[in-house]
């Protein structure tokens with residue numbers, strides 16, 4: 001399907017000519033954040049749209065005035081998740097009224113609403129249209145009372161226009177082509193029966209008749225004709241009677257006109273960052289529960305590998321602890337991240353399309369709010385399991401070990417975000433599981449790097465788990481680590497010497513800083529991939 005959009009006779013190019021700033025689009029589904037109440041989400045929208053040129057009190061007055069005009073004052077402290085269908089639709093409209101767009105597009109605003117809510121909503125849209133706004137909406141099978149509220153109806157059948165004009169001219173229009181609408185029948189329902197072929201094929205006749213512009217002029221009532229006659233007489237009197245000039249004195253009315261400028265992207269970034277932080281704080285399953293679970297798993301893993309880092313007869317077991325730490329943190333970072341963007345894509349699409357902010361601003365705010373939380377999870381888990389597993393208590397080694405764990409978690413998080421934007425959530429989780437399974441196999445522990453087939457050895461160079469495992473091993477057993485003690489009941493501990501351990505597992509020539517540099521590179525690439533995949537996803541919608 002192709003075509004062109006014209007405004008006042010001029011072709012409007014999407015994304016150019018400032019057309020998007022003059023209009024807004026309200027989707028059929030109401031995508032609202034259930035963690036915030038009506039007032040909070042309105043204030044956030046006001047901050048994103050009105051900028052810093054308007055004081056906070058003035059923004060609150062603007063928001064309260066909009067809510068009052070839409071009948072939402074009684075629910076301004078109600079969480080969005082507890083609103084009814086009609087209230088959610090009115091809130092979506094209120095959010096876009098903050099910057100007062102002259103053109104509003106609504107996709108089936110009455111779908112899912114009962115008859116009472118439908119009448120209230122359409123009546124409210126009618127009042128908005130009386131305030132020098134153009135309201136364009138799609139609607140299916142409206143009742144007669146609602147259909148009469150529309151100033152202009154545009155009806156399409158089989159891809160062509162079969163009627164355009166005043167809703168009150170529909171019955172006379174049908175009479176011109178030989179169709180008589182029953183007296184107590186809904187004209188909209190009757191027209192749908194006609195275009196569906198219930199009374200024969202009239203599409204071609206209706207298409208030709210719809211080109212007559214006279215149907216766009218609504219029929220005038222007796223009261224309207226009297227008023228028009230009065231104004232015509234008044235104009236004639238004013239034309240012939242000389243007008244005496246009157247002097248007016250300027251008075252201070254106390255009203256202030258504020259010129260509002262769009263906020264900077266940094267201001268929008270701070271608003272979105274604050275919104276993400278509040279959302280994470282209120283969603284206890286995301287923050288507090290995960291911290292608790294990471295503590296529990298850290299204790300379990302520390303007890304399971306108790307004293308693995310202290311004795312020379314448990315060095316391979318200790319490397320197993322490193323691998324388990326990488327696998328656990330990777331899975332707990334990738335899988336939730338896969339579901340992050342699919343849960344917010346519709347809200348993001350609506351806000352970004354209506355010029356609330358730029359996509360890169362949203363993405364940076366999301367990363368800055370979520371990544372520190374992932375770092376906290378990793379630090380909590382590592383601090384507990386590191387101590388309980390008997391690792392060497394040196395500040396430098398602990399910091400190196402913790403840095404590798406944090407970088408592995410951040411890389412896994414961005415990898416999950418990228419997978420969540422490439423495909424649907426189910427496929428994203430599947431591909432994430434497959435990728436992690438392959439990376440575990442090629443990490444250098446289940447199959448030692450020097451024992452791998454050549455082609456798989458070279459493939460392992462693009463595996464961030466390999467660099468994470470190598471850096472962990474070097475942080476604990478590198479840098480001239482002293483010989484580990486052997487238990488009294490053991491006659492000989494072959495791998496009590498760190499150099500022998502590194503040689504046996506093929507990591508004797510590994511450099512810690514090179515591995516961390518590769519981890520940083522993988523993290524940067526994953527972040528960029530997630531952003532570009534997200535941008536493609538938003539544009540495809």
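Backbone N, Cα and C define each Cβ position, glycine as well.
Curation does not apply to TrEMBL; its annotations are automatic.
As recorded in TrEMBL, the features of this protein are as follows:
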DOMAIN    2-111  domain 'ABC transporter'
DOMAIN    140-197  domain 'ABC transporter family G'
DOMAIN    269-476  domain 'ABC-2 type transporter transmembrane'
TRANSMEM  222-244  transmembrane segment
TRANSMEM  291-309  transmembrane segment
TRANSMEM  321-342  transmembrane segment
TRANSMEM  362-389  transmembrane segment
TRANSMEM  428-448  transmembrane segment
TRANSMEM  455-477  transmembrane segment
TRANSMEM  512-534  transmembrane segment
Whole-number mean of pLDDT values that fall within the domain 'ABC transporter' (2-111): 84
Residues from the same chain, set at least six apart from the ends of the transmembrane segment (321-342), whose C-beta lies under 8 A from its own: 290, 294, 297, 301, 305, 308-309, 348, 366, 370, 374, 377-378, 381-382, 385, 389, 405, 408-410, 412-417, 419-421, 424-425, 428-429, 432, 436, 439-440, 443, 445-446, 465, 468-469, 472-473, 476, 534, 537
Beyond the flanks of the transmembrane segment (362-389) by at least 6 residues, Cβ under 8 Å: 269, 272-273, 275-277, 280, 286-287, 290-291, 294-295, 297-299, 301-303, 305-309, 318, 321, 325, 328-329, 332-333, 340, 348, 351-352, 398, 401-402, 405-406, 408-410, 413, 527, 530-531, 534
Tally of residues which DSSP labels helix, strand or coil - the domain 'ABC transporter' (2-111): 49 helix, 16 strand, 45 coil
Close approaches to the transmembrane segment (455-477) from elsewhere in its chain (Cβ under 8 angstroms; 6 or more beyond its ends): 309, 315, 318-319, 322-323, 325-327, 330, 391-392, 397, 400-401, 404-405, 407-408, 411, 438-440, 442-445, 447, 449, 498, 501-502, 505, 507, 510-512, 515-516, 518-519, 522
Tally of DSSP helical, extended and coil residues in the domain 'ABC transporter family G' (140-197): 23 helix, 11 strand, 24 coil
